[in-house]
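*Asks:* Just dropping this structure here.
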Amino acid sequence: MVRGVHYGGACAVLLAAAVALGLGARGGAAQLDDKFYDRSCPGVHKIVRRVLREAHKADVRIYASLTRLHFHDCFVQGCDGSILLDNSTSIVSEKYAKPNNNSVRGFTVVDDVKAALEKACPGVVSCADLLTIAAEVSVELSGGPRWRVPLGRRDGTTANLTAANSLLPSPRNNLTMLQRKFAAVGLGDTDLVALSGAHTFGRAQCQFVTDRLYNFSKTGMPDPTLDGGYRALLAGSCPRRHGNRSALNDLDPTTPDAFDKNYFTNLQGNRGFLQSDQELLAAPGATTAAIVGQFASDEKAFFRSFAAAMINMGNIKPLTGGQGEVRRNCRRVNGS
């Protein structure tokens, strides 16, 4: 059971009741426990933290990338590590789904973490749990909240490219579609807004914003909800012609590598990078607008809700007990 969210080591709020509700709604999640590895691999969190700190020295983006990797895993078949599987004779990898191809990253760091865990505790820590822990550690090391992660997930033995193409939220989705996709995995408006707040750190490619700059909804005009000064800044990085579609831009132009509430204050200034970001506030009659306002004015409220939402997301269809397996290599099913 998860007991608290912490800010710089100080306990801020108990989440037990909310988590209990979430676990009850997600079946196998009731078997997850933050003490799952206390005896079998007591150093698991320290090992993950050590490898991620080292990786961050060479790649300032890695914390955001690993957080996103966990998100993209859980929305397809639940949190089973399926996104980590490479193509094989029996696997069609989710890595090549449109939302993932040349976009999700961090796989070599996952390999490094897994190698360290296998050296310390062979055959014990699943890749699904590795991603869950890595996301929490990444958020904390970026200045965000920390929480006790329910553990005990097993790894899936299949991948689902079709589901990855259809179920993952798109940066071009409107609010209605975002709400529909979140509801499909048991998540509500507060989860949607809080998890979108992970765009407070990390980068995104020009290809995901050029339509907002030059041809929004095929009008031949910019997105009217985009601040003019911010639009000019982005146009400099993502020109209309002969630009690099893969050029990177800060998702949060204010504090691009810190986990804070500035994502929401950016939305209030019409400086959301993705359409799916600005939709949370700008969509007509948006039921999410009040939540954006709350998080923009109260960082602790955002942190509490983000931790709860990450736990809720981590509880989507976990494999537990004798289901699945614990992969020795996160890229392939055991024995393949």
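Cβ atoms here come from the backbone N, Cα and C positions, even for glycine.
Curation does not apply to TrEMBL; its annotations are automatic.
Remember, it's a predicted structure, so these values are computed and weren't measured experimentally.
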*Asks:* Between Cys41, Cys74, Cys79, Cys127, work out which one TrEMBL annotates as bonded to Cys121 by a disulfide.
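*Replies:* Between Cys121 and the options Cys41, Cys74, Cys79, Cys127, TrEMBL records the bond with Cys41.
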*Asks:* Pick out which of Cys79, Cys127, Cys206 TrEMBL lists as the disulfide partner of Cys330.
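*Replies:* Among Cys79, Cys127, Cys206, the record in TrEMBL lists Cys127 as the disulfide partner of Cys330.
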*Asks:* Please name which of the recorded positions listed here, His72, Cys79, Cys121, Cys127, Thr200, is nearest in space to Glu94 (Ca(2+) 1 binding site), Cα against Cα.
*Replies:* His72
*Asks:* Give the sequence-ordered list of residues that share a chain with Asp260 (Ca(2+) 2 binding site), lie 6 or more positions from it, and have CB atoms under 8 Å from its CB.
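*Replies:* Long-range Cβ contacts: Gly143, Gly144, Thr200, Glu299.
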*Asks:* Using a Cβ-Cβ cut-off under 8 angstroms and a sequence gap of six or more, which residues of the chain neighbour Gly78 (Ca(2+) 1 binding site)?
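*Replies:* Residues satisfying the criterion: Gly156, Ile316, Lys317, Pro318, Leu319.
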*Asks:* 10 Å Cβ neighbour count around Cys238 (disulfide bond)?
*Replies:* 21
